[in-house]
Ligand code: HAM
C-alpha cells in the first residue's frame, strides 16, 4: 500500500516551486530595502517556550501544538509560530549586545494541528519580521509599511488593513473587567469555547467568528475607551504616521489576535476573496515577551504572512509570473556510440555557464527534437557519426531553422553570440 503524506501537508511540486522562489525573492528584496536581516531558527523548540510565549489559554497552545517527547525525555514542540523562537534566539545569542535595534526576518514552515481546509494547513509557511528594541510608534508604522509594500509589489489589491490597540498590563485589566461585566449575563448564549474564554481570556470572545457570539458581543465596550495615556498616545501617533505614509486602515475594536503576547498595536491584513481564511498577514507589538522569555524588558513588534494564502490570492488575481524554463542548447547524440562525445560537449558548455541538456534516454532524433521543443531550446547540437568524425556538430537554430556545421570549440561562441544578441 502506498504511504500518503500526512493530512494538512502539501508537497511543493517542481512546477509550483518557481512560484515559491518568486515570492521568496520579492520578500528578500523588500527586506534588503528595509534592512531586515534573515534569521533561521530550528523547527522545534522546548515546549515551555511556547507555553510561556504564546500563552497557555490560547487555542494554539491548548489544541494545536505538535508536541512530542524525544528519546531523552524532553518535551519538544514543532514551532506553531516563530516570534517566541526568534526572541529565544535573540536572548540566547545576545543579539542585543550588537545593536540597539535588531531587525530580523524569517521564511519557513510552521506547524499547527488545525482542521485543514483551503488556506489552512497543518504544515504551512510564514514570512515574518520582528523588530526588537524600539518602543516608539515609528517602528510599528515601518513594520506595517513593509507588509503593505510587499503585498503591493506582488500586485495584490483588494486588501484591507485592520488596526487596533489591545492595551498593556496597566490598562487591559480595567477593560477586561468592563468586558466581563458586559458579557456576564450573556455567557449561556455563547459557544462552548467562548464560555470557557469568559473567565480565562474574555477578549478572545470578541474575536470569535461564530454567529451567536458575534451577535452577543454587539455593543460590547471598546478597548479604545479604556487605554491608558501611554497606549492611547502611542496608538494616535501610529495612526498619524500611517496617514502620513498614505496607508489606508480601518479601526477594528474587535481585533484581539490569537496570541497572548500582544500589547498596544495589533493589526491584520485581509484579502476577502479568500473567504474564511482571509487573513494573509497578522502582527502586533509584544513589549512583554522578551521579559517573559527571561530577558531584560525589551519592546518588540512584528508580523507574519502566510505564504500559501498569498499564493492563493495571487492565483485568484492571475498575478503569478510566467516562469521561463528555456534552455540555450539541447545536445542530441544520434545513437548510443555518440553519448560520450555528447556528454563531453554538455559538460564543457555547462562549465561556461550555458544552460544545456542532453538526451539521457538514448532515444531517436525525432523524440529528441520534441524534447528540445519542450525545453524551448534555442539551439540543438546534433552529433552523428559524420559530425563526430570531423570533430563537429550540426547546430540548429530552433527559431530560424538554420542549420550549420560548426566545430566543437565554436559551439559555445555561436550560442553566446546569439544569446547576447
Ligand atoms: P498568526 O496570525 O497566528 O500570527 O499567523 C500569521 C499568518 O500566518 C496568518 O495571517 C495566516 O496568513 C498564516 N497562517 C496561520 N495559520 C495558518 C494555517 N494553519 N495555514 C495556513 N496559513 C496560516 C503569528 O503567527 C505571529 N507570530 C505573527 C507575529 C509576528 N506577531 C508578531 N510578530
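Every residue, even glycine, has its Cβ placed from backbone N, Cα and C.
Those TrEMBL annotations? Automatic predictions, nothing curated.
These numbers come from a predicted model, not from an experiment.
Feature list (source: TrEMBL):
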type	residues	note
BINDING	81, 82, 83, 112, 126, 130, 257, 261, 262	L-histidine binding site
DOMAIN	23-333	domain 'Aminoacyl-transfer RNA synthetases class-II family profile'
The domain 'Aminoacyl-transfer RNA synthetases class-II family profile' (23-333) [mean pLDDT, rounded to integer]: 96
Local backbone state of residue 83 (L-histidine binding site), from DSSP in three classes: helix
Of 81, 83 (the binding-site residues), the residue whose Cβ has the fewest other Cβ atoms within 10 Å: 81
Secondary structure of residue 262 (L-histidine binding site) (DSSP, helix/strand/coil): coil
Chain-internal residues, separated by at least six, CB under 8 A from residue 257 (L-histidine binding site): 166, 207, 266, 268, 282, 284
Longest CA-CA distance among 81, 82, 83, 112, 126, 130, 257, 261, 262, per record bound to L-histidine, angstrom: 21
Entries of 81, 83, 126, 262 (binding-site residues) sitting next to ligand 1, with Cβ under 6 Å as the cut-off: 81, 83, 126
Other CB atoms within 10 A, centred on residue 126 (L-histidine binding site): 22
Local backbone state of residue 257 (L-histidine binding site), from DSSP in three classes: coil
Intrachain C-beta neighbours of residue 262 (L-histidine binding site), sequence separation six or more, cut-off 8 angstroms: 166, 256, 284, 285, 286
